[in-house]
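**Student:** Here it is, the structure in full.
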């Protein structure tokens, strides 16, 4: 096959080039904070290397508390979210309740972090739904004087992160479950006398966790460096590290940027500590699991425990769902005093005012999202196809991305955004680029592509390779086969990946804030900016608008394939 | 294990040979030889390849079709009517593939599946549809042109798959356990249909199977590979005596 060689070489070039393109901004961004952190940024008069930025950073009051908040946020959020998923599946895998829950939670993927945080805030605030419901039984007529929003320990911030991430991890786990062969393993465990939950946790869960490990680590990295949720619900005295960094980066006193860069490196260390601690936790959990497995206790009576095990997921899903409902009620509320549970009068005034102002940001959001998601889809398809063609079907081997390639693509999910987006902003300024839609879309691409790859890789490699062999034997070339066989068969998966990419872009706060530099705003930056103002009606309208775009994308990705397939039966699954 | 068989009349022992020629074909994996083959399959004849699963039957199939995984190393020459196949891209080999699954494209109707296979030389919507309908009638499925493949029975799907393969006017057929998913009654009928088409079109065919009844129905040479199972280091190939004298 001598004439095949150049083709194969170009394939392996693509298999390496795409991950490099996606990881390059992270590298540039890290250099962009590394140099100023050591005092070097000629544009701001930093011509010499020094440790001054670190000295100033360490002298900042409350720095230790900020860093610890970030550390705790990463660990607590991830631990509760992962444990909640494991417990729910252990107690109820294979039941109708879980199937219903899967259907019900799927739309929550569309809810951006900021909207979920606003929704939770509207529920748990002293004047929120919960304390309105409690007003009559407790006999109170005024909102209690409690510091719930922005509590110094960051508990409500972590609650919002858990509420948003637990449904995400649960959906990822659902997708991973079949490969862990749950039904046969559970039957086997039951026949040996193991209780349902112990049987699941000991025989099925390790296989599921291995597959969802990357998303779990992404949650840990995200929660340790989160900005938007922390601005809405997090403490301010002091704030988590990432929030303080943003303030320094936007400080009119440009010299603060040296300190911000040093802080970005500290953030990197905090996130690394979170991941390192998590790895240690994984080992401990595995050791405990082994001990229980070899001990032989059956834990046969877990009936009473099961409803308790389902609580975390139910609370999380309920919080996001009712939060959204409450946001929408506020957006149409007229005058609404405590402790009335429902607004006595309704009005569309908020919407007419909000829509008038939201047009520009909405258009920006849409353009950036569709651009970055489409380009990400294209790059991911090139990458997956290049990888797939390094294999031929006959060996029956499982095709996967190589660990090195996977590490490069998923890197932006594991490095805290703030640690390199700020450096990227510095590099963009240094290159003299103005904020523009394509530039913003290019930066979003870095965060969108990993999720598109996560969504598309498994279905892409799962298509029976013999379909393409048949097509080739009928005389059709690679391009025809791609467009007429592979992509049509994968219509649903491709559109879902596109919708996930779209939703990821819509939810991006920090990159939009820093790269847009205030001149390019999206619905997300506008919504988060409203949080300090405290106008609940406008916040409700903006948070809903922010949810609307990804929601529409998911609806389209679900219905379009049915229209395109002309109602063919085998195309309806999935 | 090797049924002696006279060389079919008309197949010249030297020079460009009609049919499918294997010359010193050897496939190995990580230095271990899986199989070797020296054969001529004359037009209209079927060479049956048998062996336990994992013996490399499907590897031979993949090598002929051009889908051999790069993990394997293959040597030797496979010529179809005098043209070396191993130098050609899969889509230029003019081989018809039939698998144990019908593999009808799920997003196309039965008719679209057939039209996808029909060479572009036949022009005009009506002419193309007529050709496809005629082929459907030939396999006994007239009138199913607009059906969704997912609504076909197993036997119907297998026949549509055969029709699709034949429409592309292959110069040789590769059959990978094509009848193993069919029940007894259907299997006999489908077998007859396939072998009748091979003789009628006078093209060579390779049949990979582990059903001795398939081999008997094919009525051609039989090669057994992989007698020595994995672990013994070497596999018994077809005796070289099977090549032209």
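Glycine residues also receive a Cβ, built from the backbone N, Cα and C atoms like all the rest.
TrEMBL labels come from automatic prediction, so no person has curated them.
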**Student:** Check each of the ranges A:186-209, A:258-281 against TrEMBL and return the one annotated as transmembrane segment.
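**Tutor:** My reading of TrEMBL: the transmembrane segment range is A:258-281.
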**Student:** According to TrEMBL, which of these ranges is transmembrane segment: A:467-488, A:489-510?
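**Tutor:** Of A:467-488, A:489-510, TrEMBL gives transmembrane segment for A:489-510.
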**Student:** Can you name the far-off residues of the same chain, 6+ from the ends of the transmembrane segment (A:405-431), with a Cβ under 8 Å from a Cβ of it?
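**Tutor:** Long-range Cβ neighbours of the transmembrane segment (A:405-431): 15-16, 18-20, 22-23, 25-26, 28-34, 36, 41, 43, 214, 217-218, 221-222, 224-225, 227, 242, 245-246, 249, 257, 260-261, 264-265, 267-268, 270-271, 275, 383, 387, 439, 443, 446-447, 449-451, 453-454, 510-511, 514-515, 517.
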**Student:** How about long-range neighbours of the transmembrane segment (A:489-510): same chain, 6 or more residues beyond its ends, C-beta under 8 Å?
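**Tutor:** Answer is 109-110, 112-114, 227-228, 242, 246, 365, 368-370, 372-374, 376-377, 380-381, 417-418, 421, 441, 444, 447-449, 451-452, 454-456, 459-460, 463, 467, 522-525, 528, 546, 549-550, 553-554, 556-558, 560-561, 564-565, 571, 574.
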**Student:** Residues of the same chain, at least six outside the transmembrane segment (A:539-564), with any C-beta under 8 angstroms of its C-beta?
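**Tutor:** Residues 106-107, 109-112, 114-115, 118-119, 122, 324, 326-331, 333, 350-351, 354-355, 358, 362, 365-366, 369, 488, 491-492, 495-496, 498-499, 502-503, 506-507, 523-524, 526-527, 530-531, 533, 571-572.
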**Student:** Are there 3 or more C-beta pairs under 8 Å linking the transmembrane segment (A:63-92) with the transmembrane segment (A:308-341), counting only pairs at least 6 apart in sequence?
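**Tutor:** Stretch pair touches.
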**Student:** Should the transmembrane segment (A:437-457) and the transmembrane segment (A:12-43) be scored as in contact, given a threshold of at least 3 Cβ pairs under 8 Å and pairs 6 or more apart?
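**Tutor:** By the criterion, they touch.
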**Student:** For the transmembrane segment (A:12-43), which recorded stretch in the set A:63-92, A:216-238, A:258-281 gives the largest number of Cβ pairs separated by under 8 Å?
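**Tutor:** Counting Cβ pairs under 8 Å, the winner is A:258-281.
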**Student:** Any contact between the transmembrane segment (A:155-177) and the transmembrane segment (A:63-92)? By contact I mean 3+ C-beta pairs closer than 8 Å, pairs at least 6 apart along the chain.
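**Tutor:** The answer is yes, given that the two segments have at least 3 Cβ pairs within the 8 Å cut-off.
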**Student:** What residues in the same chain, six or more past the boundaries of the transmembrane segment (A:104-135), come closer than 8 Å to it by Cβ-Cβ distance?
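**Tutor:** Beyond its ends, the transmembrane segment (A:104-135) has Cβ neighbours at 141, 143-146, 148-149, 156-157, 159-161, 163-164, 167-168, 170-171, 226, 228-229, 232-233, 313, 317, 319-324, 326-327, 330, 338-341, 500, 503, 506-507, 509, 524, 527-528, 531, 536, 539-540, 543-544, 546-547, 550-551, 553-554.
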